[in-house]
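Have a look at the structure that comes next, please.
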Amino acid sequence: MSKQNKLTKVLDNDLDDIDIEEDDSTNRKFESMSEDEETPGMCCECTDQPAEVVCLQCQDELCTVCSTSLHRRGSRRSHIFKNKHGQELDYDELNKRDRQPPLHGKEDEKVQNNNNNNNNTNNTNNIEMDDNKSINNNNNNINSINSMYRGTSNLLNPLPFHHTNQQRNGGGSNNHQINNHHKDEDEEIDEDEEKFIHKNENFTDFIPRLSKDWFTERSKYIPIRLNIRERNDLRLLEAALHVSEYTDKIDIIHVGGSKSKRINDQLRGMCAILSGLLVASDFKKGQQLVENKDFFENEEFFQNVFEIGRRHKIMNPAKMRTEYGKMIHLLQDAADEDVKKNLSGLNMIKPLKTVFLFLDERNGLKLLEDPLLELATREVLAENKTRPQIQREIREKEHAIKTLSRRYSSSMLKSEEIEVCIYSICDNHTFLRENRDPVKKMKHLLKEYFSPNQSERGFSLALEHGIGGARLSHNHRKQYNYVYQSLSLWQHILHDMFKLWYFAEIDLLCGHRYQLSNTGQGLNRIQQCPNVGKIMHSILRQTQKKVGDDWVGSSVIHLGDHNVPNSLVFIDKYTQISRILSPIVLTIEYIPKITDPNLVAYIKNTFGGPQTLTKIILCDFFKHAFDGSGADNFFDAGSCIDGRLTSAWQWSAQIAKKPYYPIFLLSGFSGFDGSFN
C-alpha cells in the first residue's frame, strides 16, 4: 500500500485495513473474511453451521437445529424438507432422524450410517477410544488432534450414558409443560447422580448409579491433578505471565511494522523469562536449560510448562484470572506455522494430560470399569451427619482407593499414579458441586416459590418491553418457562464444562487465523469455534427435548462474532454462572437463620418478614436477570442463548442499588466477580 493510500485511510479513520495490509505476507494469516460476506453452504438463519436441509416451501437452507426449531409449531410444521441426499422428509421424520448434530466428511458419513443402523452408544464409545489412541501417536501435533475431533466431537454425548438411554426409551418427551409440583425427567436423573456423588447413607449400602461408560466418557476430559514438581513449574509460569505485557504489545492497532516480528520478539522474551526464572529457582536444572542456546532444543520443557498451566486452570477456574488469557493468546500465535518457522520450528503446544490418556498410555483403562471406583470417587460431605458417620465414610473411601491402587498397579502404572487418577475424578465431582449445583438450587427455588399456572399478587414474573429496562414482553407463565429453560440449559452446560473447555482449547490452538477487531468490548480476536459450536448445539438440542417443544426465546448460539468473539470468551462467560448464582443461594439460605432480634425486626418492618423478603429477591432476579437487557444496542439484546447470561450480568452489576442489598452484605457477600489474586 502506498503512503498516499495510507494517509487517506488514516484520515478516514480506517485503521483496521492498514494493520491487516502490512508488507509482511505473514500478517495475512491474521486476516479474516468480512462479516458481511456470505459463506455458501451455511445455514441462512444462524449463519455459523453448515446447511443440512432445504425447506421446499420456505426455500431456505437450514442446519439441523434451526430447521426443527423454526418449524415446531403452526403451519410450518407441515412443510416438506429435502436433505443433501435428495430425500424428502416431513417434520417428524426430520426430527427423528437428526438426533445428532450434523457430521461432515466421508469418515463422518460412515460414522453417521453406523449410528442410524445400530442406534447403539457402544459404537460411539469404540470410535472415541480409537480416536483417543490416535492422540498418543500425535502428541507433538495439535493440528492432528483438531482434525481428529472435528469429525467425532458431535458423537461425544454431553450427558451421562444413562441420560441418553432414558431419553431413547421415550422418557421425558411427552410432558411439554413445566409443573410446579412434579419433577421432570432430567431433574430426576440428575438427582440420582447427585445421590451417587454425595451419598448420605452408609457407603456400603448403595446401588451403583453410574456405569463404567460414564467414567470412561468423563475421564477423557478430566485433567490429571498436578504433582509437587509440576506445581513448582506452575509458579514459574505464573510469575512469567504476571510480568509479561504480551497482549499489550500484540493486540493493538499498529499502523507500521511487522506483526509477525512483534510476535516473534514477545515469544522469545517469554521463553527467556521462563529460562531465567528456572535458573533462579533450580540452578542445576536451569543450567542444563541455558546450555542449549536455541529455544527449539528446549521444546519439551516449554510444552510441559504451558500444559501444566492449562491443566491447572481447567481444574481451578477461579485461578489465573488474568494470566490464563495472556497464555492462551501467546499459544494461539505460537500455533501459527509461519511463527514456528521464525522460532526454528519451536512447538509450545502438547495435548492435555487427561485421566483417560494417562491410563491408556500405561494400559490401565480397566480401572475405569471397576465397580469399586464409584465408592472411591464419592464425595464425603458433613451435612446432616454425625462425626462417627463422617469418619466411617472416610475410612471406607480410603480403603476403596487403596484396594484399587493395589489391584491395578503394574510395572507401567504405579499405585501412587492410580491414586492421583482417582483423586482427579474426585476433583471433577467437586467442580460439579461448586458450579452446577447452584443452578439446580435456583431451579428448586423457582418451583418452590412460584407456580407457572398462576401468579401471587405482587410477585408476578410478567415483563413488559420498556418497563424496568426490560426488552422482552412475557406474561407470567411464559417468563416462568423462559427462566426454567435457561437454568436447565446452564445446568447442562456446566455439567459438560470440562468437555467444552477441552474442545475450546483445540479451537483456539489449532492454528486457525483470527481477526483483531473492536467488538464494542475493546479489541478482541474473532475466531471461529467449530468444535465448541457442535457441542453447544448438541447440548441445546438435548435441553429442548427434555423441557418440551414449547421452547421460549431464540435458539441462536453466538460464537465467533462480535458478541462472543472466540472460545476463550465463551469459557470465561459461562464460568461466571456459579459466581452469579452462588451468592444468591447463600443469601436465601442465610435469611431463615437470622436470630438477632434487631435484624429480625428490621426485616419484618422493611420487607414484611423473612418469607416475603425471600420472594422479593427471587422475583426480582427471575424477572430482571432474564429480561433481555444488558447489550450495547437493541439488536444484540434479547432471548438468544448468549443474551440470557448477558441479562444476568446486567442484573448483578446493579445489585448495590437494590433495597435488599444490606441483606446480601450481612450474609457475607463481597461481589459477584470473585478474586483476581
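Just so you know, glycine gets a Cβ as well, placed from its N, Cα and C.
Pasting the feature list from Swiss-Prot:
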- Cys43, Cys46, Cys66, His71: Zn(2+) binding site (BINDING)
- 91-111: compositional bias 'Basic and acidic residues' (COMPBIAS)
- 113-126: compositional bias 'Low complexity' (COMPBIAS)
- 163-178: compositional bias 'Polar residues' (COMPBIAS)
- 91-142: region 'Disordered' (REGION)
- 156-192: region 'Disordered' (REGION)
- 38-84: zinc finger (ZN_FING)
Just counting, how many other CB atoms are there within 10 A of the CB of Cys66 (Zn(2+) binding site)?
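Excluding its own Cβ, Cys66 (Zn(2+) binding site) sees 23 Cβ atoms within 10 Å.
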Are there any residues at least 6 positions away along the chain from His71 (Zn(2+) binding site) with a Cβ closer than 8 Å to its Cβ? List them or say none.
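Within the chain, His71 (Zn(2+) binding site) has Cβ neighbours under 8 Å at Cys55, Arg77, His79, Tyr91.
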So if I draw a 10 Å sphere around the Cβ of Cys43 (Zn(2+) binding site), how many other Cβ atoms end up inside it?
22
Looking only at the zinc finger (38-84), what are its DSSP counts of helix, strand and coil residues?
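Across the zinc finger (38-84), the residues distribute as 12 helix, 11 strand, 24 coil.
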